[in-house]
Amino acid sequence: MASTQITKIIGTRTLSVCNRSLATSFFTRNQRFHTSARSQLPDGPIPRKHERLLGDVHSRGIGVLRDPRFNKGMAFTLEERQILGIHGLLPPAVFSMEEQVRRTVENVRKLANPINQYVYMLSLLQRNEKLFFKVVTENVEEMSPILYTPTVGLACQTLGHVYQRPRGMYITINDKNHIFKMLCNYPEHHIKAVVMTDGERILGLGDLGAFGMGIPIGKLNLYTAMGGIPPHQCLPVMLDVGTNNEQLRNQDTYFGIRQERVTGDQYDEFIDEFLAAVVHRYGQTTLLQFEDFANHNAFRLLEKYRNKYLTFNDDIQGTASVCVAGIMAAMRITKKKLPDNTFLFFGAGEAAIGIAELLVTAMTQEGMPEKEARSKIWLIDKAGLLVQVGGGRSEGASPEKIPFLKEHKEMNDLLEITKHLKPSVVVGAAGVGQMFDKAFLNEMAANNERPVIFALSNPTSHSECTAQEAYDHTQGRCVFASGSPFPPVSYNGKTYHTGQGNNAYIFPGVALAAIVASMHHISEEVFFIAAKVIADLAEESDLEMGRIYPPLANIHEVSTNLAAKIVEYAYANNIACTYPEPVDKLAFVRAHQFSLEYESFVPQVYSWPQQK
Ligand SMILES: O=C([O-])CC(=O)C(=O)O
Ligand SMILES: [Mg+2]
């Protein structure tokens, strides 16, 4: 391509001294600039048009209506219907997108059963992608419990019945040595983010094998609805290595491979091959999000790959970030500093250890020596309080628990431990429902003016207590957050809107930043920055109502701002590869986001000057 042409396409403002070799390396370094080169560029940051323009619609006629990426249903104008050869294939009415959104929400409300609502919405996604994301983004408080936690848990449990059309990729242990070729079957060529699970620990529901696929699909829907990441850049993947859930294996609707889980070297080689195949196919800066792996794999895979790929574990790092954000915001209510607290975790898995580690970082940033910070944090696992072997505990601890082992006698009753340690902050993250009973909550209230109580286990049925129980048994004095949403609580004539301490506040924004800046890895610091950003977003008026997180209704804007902060950090710390560095980070992030408006399919007609 001639340099003058390139200059014209890219716009002189951003690449004013554009020569051929610079432009070539510029394009090869970042293919996304190539995409933008096709669109028209106004002044300002380079916009990245991810819309498929008319030229990308390969089919005319009925094919357009059958393609969810292009279909607008009855929102096609008369002109478009004629141009696309679909005139007469639709009822004559032309509806606006706003009317379609309103009608969709009405239809969902009529279906009172959550699983029917889930199926209805997923079939909309398979018909009309833009409308689906518009509905979800504009009604996120109402839609996220349907498409995400808690209903997604139920959907996974019944996925054999709920399954309708292919979405994402299913790769099994039997496909070893063929994974790259399989990835080439995937029809999208610009994948920027992969969310994968092996289904071994789906929410707090345990091993759901291939039915765990509902989770990567759900997470990636939120990538778009909450973070504005274009859907065609997202790939959900089920890594099927079998399931140890015998009951599931024997169900006739089960669609995964019917064998026990493969472990050991074979498992590790499989994961290794998959990750290598993804970056070979889609580029080294493809984001790889681990989701709902069991503890025994989650920690070691994170350690193995965190500096090799652009990767994070949502259950360890995303949950840590949102929970520490909540605790920092709670400190604005309790008027304490982090180091003034004693933290008790019920659970010592991915979420608990992730949060505990990030709390150590937060306390050391407030000037406390690391050893002392760790001494403030107590964890309980299946065998009881995490204490050193010899302190009564007969078994050694896994590596991630070791930094939190205490020299202390063995104890294993939650209430007794609470009476003994008098924690000011308790976090439930063991996936075991109803553990925070009346006696426990009373004890927390007796020891603290404002006890901080987080019931993070998902879905709702696995929550340690309900929001109402937490308020009722602490005389309304608690600061409460939960992993799954709860309706507002009424106590003593006052209404409280409790916060949802769910990693959905974190992963869309982090992923958006990682993608737009082409970060080559995600450091731990990113999750600390994210925690601080989210903690600062809770307004005083939110805190008064008991809400320590910004309203979920604002999540798209929250994720966008969070991404801009992380992009800033990424450039300052040399982990961003998108070149050149944008001046206005927020505008840069916005320019990458998926538009929720329908595109016009009417070509812009222009004419040439008269030839002599
Ligand atoms: O999916 C959610 O709601 C949060 C999460 O990652 C989990 O519970 O595993
Ligand atoms: Mg998860």
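Heads up, the Cβ atoms here are built off N, Cα and C, so glycines get one too.
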Among Asp252, Asp265, Asp315 - the residue TrEMBL places in the same divalent metal cation site as Glu291, Asp292: Asp315
Do you know the mean pLDDT across the domain 'Malic enzyme N-terminal' (125-306)? 97
Which of these binding-site residues (Arg201, Asp292, Asp315) have a C-beta closer than 6 Å to some atom of ligand 1? Asp292, Asp315
Listed recorded positions are Tyr148, Asp292, Asn458, Asn502; which sit with C-beta under 6 angstroms of ligand 2? Asp292
Entries of Tyr148, Asn458, Asn502 which, being recorded positions, have CA atoms within 10 angstroms of Glu291 (divalent metal cation binding site): none
Which chain-mates of Asn458 ((S)-malate binding site) that are at least 6 residues away have a CB under 8 A from its CB, listed by sequence? Thr149, Pro150, Gly153, Leu203, Gly204, Gly431, Gly483, Ser484, Asn502
Going by Cα-Cα distance, pick out whichever of the recorded positions Tyr148, Arg201, Lys219 is nearest to Asp292 (divalent metal cation binding site). Arg201
Taking the recorded divalent metal cation site as Glu291, Asp292, Asp315, identify the other residues of that chain whose CB atom sits within 8 Å of the mean position of the site's CB atoms, giving them in sequence order. Thr197, Arg201, Ile202, Ile215, Phe290, Phe293, Ala298, Asn313, Asp314, Glu350
Consider each pair of residues in Arg201, Asn458, Asn502, all listed by the record as binding (S)-malate, and report the largest Cα separation in Å as a whole number. 17
Under 8 Å by Cβ from Tyr148 (active site, proton donor), same chain, sequence gap 6 or more: Gly218, Lys219, Asn221, Leu222, Ala504
